[in-house]
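Listed features, source TrEMBL:
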type	residues	note
TRANSMEM	7-26	transmembrane segment
DOMAIN	22-277	domain 'NADH:quinone oxidoreductase/Mrp antiporter transmembrane'
TRANSMEM	55-77	transmembrane segment
TRANSMEM	89-111	transmembrane segment
TRANSMEM	144-163	transmembrane segment
TRANSMEM	170-190	transmembrane segment
TRANSMEM	196-218	transmembrane segment
TRANSMEM	239-261	transmembrane segment
TRANSMEM	267-288	transmembrane segment
TRANSMEM	309-327	transmembrane segment
């Protein structure tokens, strides 16, 4: 990472910190804008058409979200608070502008398209750090209309990834599905950040391996000439991301289920669990290509041997459900 990238990265983190620590709407909005203006140079440093398209998609969607958010903030400050319908409309505008910024359903269409035009490092930033600011604002402004986003996100995230062959689009739809679970956790508990933390650890580990192996499509996984330990490591991470016990990714979903049972949100919980099972189908497709189908290695595949200590650490992390349950 060169000096310029490091500078923009520091600005991006500073934007997140400003958003989290602000006690007024204007400060939060400024933090989001600082975050936006520092992320755009990070994704536009690659001099090709796809990165330019990704930059424009991100700028247009985030700008639209920011305009609606700022407009709703001004309405909230100067509106006639005696009018109930106006207050409700303002709150819904505020909530769904943040939903647009996050890339959750029903405003999720830009997210997979943008992910398919980025490299793995930029995808990692988009799926982890870029969610922190809007999620923190959303957690302090719950509204009944967010139920729609929870159900649609789990549904679209599951169904959208079924016919995909691009790993980046599969990860994007997986992220949308997990967003639905995170928002549901947010509705029932203040400990939603634990879900985001576990999800970020698993996603960063997967992206690190995809980046090192230089793979972007499912059919490339058939041609990998890596050791079985490396293949088993990525398999455990996929199962963990799918929320299969006894892997680490099962823990946050278990916490969400327990909280939803205690708050009598049974119907929503059943829908979420059903569509979460659908997501396992495309993880199983990836595992099938990785372990069961094997052909000769092509020249695009970097035959990088990752350190066994690193692989063992990732596998141990994904199998550390009992320890994580005690900590959380």
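Note that Cβ sites are derived from N, Cα and C of the backbone, with glycine treated the same way.
Note that TrEMBL annotation is computational and uncurated.
Long-range Cβ contacts of the transmembrane segment (55-77) within its own chain (Cβ-Cβ under 8 Å, at least 6 residues beyond either end) map to 25-26, 29, 32-33, 36, 39-40, 43-44, 86, 90-91, 93-94, 96-98, 100-101, 107, 110, 113-114, 117. Same-chain residues lying 6+ beyond the ends of the transmembrane segment (7-26) with a Cβ under 8 Å from its Cβ atoms: 1, 32-39, 41-42, 73, 76-77, 125, 129, 132-133, 136-137. If you look at the transmembrane segment (267-288), the same-chain residues 6 or more away from its ends with a CB under 8 A from one of its CBs are 147, 150-151, 154-155, 157-159, 161-162, 164, 167, 170, 173-174, 177, 180-181, 184, 218, 221, 235, 238-239, 241-244, 253, 256-257, 260-261. Contact check: the transmembrane segment (89-111) against the transmembrane segment (239-261) gives fewer than three Cβ pairs closer than 8 Å, residues 6 or more apart, which falls short of the contact criterion. Per-stretch counts of Cβ pairs under 8 Å to the transmembrane segment (196-218) identify 239-261 as the leading one among 144-163, 170-190, 239-261.
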